[in-house]
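Summarising the annotation, Swiss-Prot assigns S-adenosyl-L-methionine binding site to 10, 45, 66, 123.
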């Protein structure tokens, strides 16, 4: 999947993958990670997600990485946050006192940026990749996370032939097969969310499950 695909999605505001509210699984399960308030939390492919505001409200230092510049700028403007912009290597660094977003390719993000991270949150990153690229992303995420880091992974699963992503379908079997080498995995929840997603109903997708996993980097 080329970067131009995502840039065009944001330019055309075809961002059905963006949630207007804080993810319910984040609200329900984040406290189970038992993190101190000043924890550094990494959010890959963060977009302009309101979930980052929730994490900041818990006292965390949020470190996000997002390919699209428009998404990053919208996050700060939509939430009326004054930020400072600098250049860090190949990435543009937008930051407030508590939130740092690195705009650029996650595959070239320096590991020094996440070396003090002890937690992570992936709601829209794993499901953003087609299956042909997903395992490569999963390995990159693991390489950016120090051993012992804990995180919340949220996925969607549905019959992939019924709808072209993103978001793409990620099954529990895929999670186990491709993440278990690098993470300890605990299933927290799985529920049918089809009724809450009109886009999937309109496309006659027969079922849609959202799942939450607790991951710990080995």
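Positions of Cβ are set from backbone N, Cα and C atoms, glycine also.
Annotation note: residue 45 (S-adenosyl-L-methionine binding site) sits in a coil segment as assigned by DSSP.
Residue 123 (S-adenosyl-L-methionine binding site) has a Cβ environment of 27 other Cβ atoms inside 10 Å.
Long-range neighbours of residue 66 (S-adenosyl-L-methionine binding site) (same chain, six or more residues apart, CB within less than 8 Å of its CB): 45, 46, 47, 72, 101, 102, 103. Under the three-state DSSP scheme, residue 123 (S-adenosyl-L-methionine binding site) falls in the coil class.
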